[in-house]
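Colleague: First the structure, which I've put down as structure tokens, then a few questions once you've had a look.
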Amino acid sequence: MASTQLAKILQGKIWRFFGGIKPQELKNTSDCAIEELPLPSLITLPLERHLGEGGEILVKAGDYVKAGQPLTIPGGRRNVPLHASTSGTVMSIGMQVLPHPSGFTGLCVTIKPDGLDAAVDPAPIPNWQEKTPDELLERIRFFGIEGLGGAQFQTAAKLSSAIEGDRTCQIFIVNGCECEPVATCDDRLMQEKAEDIMQGIEIVRHILKPQAVIVAIEDNKPAAIKAMQAAAGDRAVIRVIPTLYPSGAARNLIKIVTGIEIPYKAHTSDCGIVVDNVETVFALKQAVIDGIPLIKRVITVAGDSLKKQGNALVRLGTSVRFVLNHYHLNPERRQRIILGGPLMGFTVPTIDVPITKSATCVFAPTTEEVPLEDEAVNCIRCGRCARVCPSRLVPYQMYAYSRAGDHARAKKCGISDCTECGCCAFVCPSRIRLTSQFRKEKAIQNLLWENEKRNERARERMAARQERLAKEEAIRAEKKKAALARIQAQKQAGAAAGTAGAAYGGAGAGAGAKLSPEELQQRRQAAIEAARLRAQQKKAAAAGTAANSGGSEAGAGASTAKAAGAAAGLSPEQIQKRRQAALAAAKLRSQQKKAAAGAAAENANAAAGQESAADAGSVREQAAQVLATDRVQRQGETAQSAENLPYNLRRGAVPKKAEIVAEKWVEPAPLPPTGQKVENPPQHEIVVEEHKYHSIYAPAPEKAREYKLPPNLSKARKKD
């Protein structure tokens, strides 16, 4: 920043930002002192902004906690821990309705206060001037300090971004404008806690070391201006600015005080300027000097539907219902409860939503105070919304793209730079709810951005997986190639060894077998004769095995005779005679054996005949016994089946028993028979008798069955 520009700033020059409106202020509670509300019956603390990626919840249902005890460990750099606002028992950790215009649900910790309001021991830093900026920033973060002006931006991250690297902070602006109608919490806090706010400014000065500290206050807060001037002295410059909505927005306030217009997609710290709300500075002082985490905040409770109005110091997590009951709400037929002011606030989906760090006001207006909005009509493109937009946007164009679902063009029009101040909706003659539509579009843009990030991470994981698989495939290919090379080398080595061995063996055989051709021929003939002899012996053995006993003996005798003759030196004729004699003797022995075998067979047949006759007799006896047993069984089964039959059908089954029973017991009088026709009767119309009641001791009198002739036969009989 140029020295001339800084000199103009210190001299008190005021600039004007583009656009803006002047709505009705409705600041009737600026004279109401801050009142601390009693303990509520239930505390609900949302965890949405206190976990982040990788965050952890430190408590579970049933645990006892004290005021100031941390409940979470933040995961991201932009998140801060959440602290219990009072002592009590953790009832549940589950989904609850969040203070959001859409009625979203989120994870919340529900605490049942015990009424003691016991707190952890405070941990102040008495010599904070000797601490380094990093140590103080760590204390600010872990004591849960966030922006209390409505944006709920993490204070430690904002301060550290202004001094990281080569950056330096030139101007520190304390925002005391409070331009939102109805809200007076900052005004009253500056009136009552001016010195504490200045101590917080001193802590920020120690961290940032800025060239100038400016406290900007609108001219409609004379009491706050007087109190801050008395407390500031030469420690800060109190700058009174004209009342114009939305001068409390950070970019607009920087333009008013310094004349610098922050470009789009740039942060204020990039220009060497840091802006913080007065209540944020007060909470920062409590965290560093008093050692108390952020568990309470000041809000404004206003509206003509309330019996009384004022500024309240409430514990975070207190329900809107409890606040309204404390200020005695007298609801109308269509009562609206607005959280955050009439322009930037929203109607709560239920009055059971909790008070969070971003809540500045609870507004319960009547229809006379804030009339019901008329039904919206089509945009006439008058351009009023574009003329009052402090961000130099074209709201009607963004609205058209958003309604058409063209999110890309809506983003290109700069919807992310919209501060949701509500100026466009305030001046719209068509009563179009532009701010609500822009909030919805921003939520959709965030979802699209998250989906894109998720898809990008998925693509990165897929690319990493493909790369890993390619590397593994290359390694496997190299291993396979090396294995094939080893196998090929082994095959080549084996083939070479076999060739060398064959060559060596052939040389040895040729050297050891130096014979003449005649000797080789003799050896070949001897081998052939030996083979023939072995073949003859095999044939003789096979023939001897196949022959019968007589033939075997004859062959054996013949062979024996031949062998004996050959051994005795007989002539062939003598050998032939001996062979014939041996054959005749063998035949005689064979005939004798056959005769003996025939006699034995006849004896065996005779014995078998006798045995078979005896067996036949025994079989006949057994058959007779089986038949008798079967007859008895059949008789028993017949009797049993006869007993199972109706009594009038047991004619030949048990006649004697029926007679004895009839003689002993008196037969009851038979009931008159009744008959009914069968549904869909056949052609001859058979009548089926119903069941007849009779005594269990005596049968009912039997009657002959009556059959009705078919119609054609009955007609023929009548003619006869």
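Cβ coordinates are placed from backbone N, Cα and C, and glycine is handled just like the others.
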Colleague: If TrEMBL is the reference, give me the range from 433-456, 673-696, 697-720 marked as region 'Disordered'.
Modeller: 697-720
Colleague: Please state which member of Cys418, Cys421, Cys428 TrEMBL lists alongside Cys379, Cys382, Cys385 for binding [4Fe-4S] cluster 1.
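Modeller: So the [4Fe-4S] cluster 1 site in TrEMBL includes Cys379, Cys382, Cys385 plus, from the candidates Cys418, Cys421, Cys428, Cys428.
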Colleague: Treating G and I as helix alongside H, and B as strand alongside E, what does DSSP give for the domain '4Fe-4S ferredoxin-type' (369-399) in helix, strand and coil?
Modeller: 10 helix, 0 strand, 21 coil
Colleague: Hey, for the [4Fe-4S] cluster 1 site built from Cys379, Cys382, Cys385, Cys428, who else sits with CB inside 8 A of the CB center?
Modeller: Ile380, Arg381, Gly383, Arg384, Pro395, Tyr396, Cys424, Val427, Pro429, Ser430, Ile432, Leu434
Colleague: Non-local Cβ contacts of Cys379 ([4Fe-4S] cluster 1 binding site) (under 8 Å, 6 or more apart, same chain)?
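Modeller: Long-range Cβ contacts: Tyr396, Tyr399, Ala400, Ser430, Ile432.
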Colleague: Which is it, of Cys382, Cys385, Cys418, Cys428: the one of these binding-site residues whose Cβ has the most other Cβ atoms within 10 Å?
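Modeller: Checking each of Cys382, Cys385, Cys418, Cys428, the winner is Cys385.
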Colleague: Tell me, roughly as an integer, the mean pLDDT over the domain '4Fe-4S ferredoxin-type' (369-399).
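Modeller: When the pLDDT values over the domain '4Fe-4S ferredoxin-type' (369-399) are averaged, the result is 90.
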Colleague: Report the nearest neighbour of Cys382 ([4Fe-4S] cluster 1 binding site) in space among the binding-site residues Cys389, Cys421, Cys424, comparing Cα positions.
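Modeller: Checking each of Cys389, Cys421, Cys424 against Cys382 ([4Fe-4S] cluster 1 binding site), the shortest Cα distance is to Cys424.
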Colleague: Please report how many Å separate the Cα atom of Cys428 ([4Fe-4S] cluster 1 binding site) from that of Cys421 ([4Fe-4S] cluster 2 binding site), as a whole number.
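Modeller: If we compare the Cα positions of Cys428 ([4Fe-4S] cluster 1 binding site) and Cys421 ([4Fe-4S] cluster 2 binding site), the gap is 14 Å.
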